[in-house]
Amino acid sequence: ELFRALEGPAVTTSVFCGVNETLFAYGQTGSGKTHTIFGTKEESGLLQLFVRAIFSQADQSPGSTVHACCYEVLGDSLTDLISPETLLDSGQLREEDIVYDEMFIKTQKCRYQIVRVGCVSACLSLLQDARANRTAGVSSCNATSSRSHAIVHLFVQNPAAANGQGAGGRSAGISSSIGALTLVDLAGTEKEHENPSEQGRKSARLLNTSLSSLNRLLRRLQTGGLDESERRQSV
C-alpha cells in the first residue's frame, strides 16, 4: 500500500530514465522506520519492493545493469556496511563486480564499495547482510535501536535511456543513462535525558543535532532558499 502511495512503479521508471530519486524515513525512535525500509523475512519493506521492481524493469531493458551500495553515517564518520564475502564464496559475485568510491564527510575522506548485482536474490542478500552490520544501541525506547543513519543506493545504468519522465510525470530533462534510487533510514529522534546510558545520551545528542540540521536544510531546499555553503551543515 505504501509502495503504491509513493508511486513506486513511476519512481522505478524515473530511475531507468536517468533520474536520481530519494526517499527518507524520518521520525521518532521506535516509529517503524527501519521496518518500513528493510522489512523482515516475513514482510517486504520498501527495499524489497523496489529491488523487485527494478529487476523486473531491467529484464525489459536489454543491456541495463544494477549496482548497489550501503553505508552508515554517524557524526563525521561514514562506515561501509557491505560484506560481499558470502556472495563471493557462493559464486554469485566476482571480484570484478566490486568497485570502490570515495566521498568527503566534512574534511574526512571515506571509502566504500559499490557492487554490481545480477538478480533480486543476490541484491537483497547483500543489502540484508549490510543491515546486520549497522550500529545499534540502547535508546530511550528500545534495547536495540538503530544509532546511525543508513543509506542504500541502487544505481541503474540503462543504455536505452534518453530524455524521460520523472515520477509523477515530471520531465527528467537529461539524457544520462545512469539513474539512482536512494533509500535513507534515519536514526530516530529521542529525548536525550531519557536514555539510560552515558554513551547513549552522547549518541542521542549527536543524532538529534544531525537530524535538526537535516530537517532545517530540507525545508530550505523545498522553498528554494538553500545555498551551497549550507549543504555542508549536515551529512
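Each residue's number is its place along the chain shown, starting with 1.
Backbone N, Cα and C define each Cβ position, glycine as well.
TrEMBL labels come from automatic prediction, so no person has curated them.
Annotated ATP binding site per TrEMBL: GLY27, GLN28, THR29, GLY30, SER31, GLY32, LYS33, THR34, in sequence order. Per TrEMBL, domain 'Kinesin motor' is recorded for 1-235.
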Residue among binding-site residues THR29, SER31, THR34 with least C-beta crowding, 10 angstrom cut-off: SER31
Entry from the binding-site residues list GLY27, GLN28, GLY30, GLY32, LYS33 having the most other CB atoms no farther than 10 A: LYS33
Model confidence over the domain 'Kinesin motor' (1-235), averaged pLDDT: 83
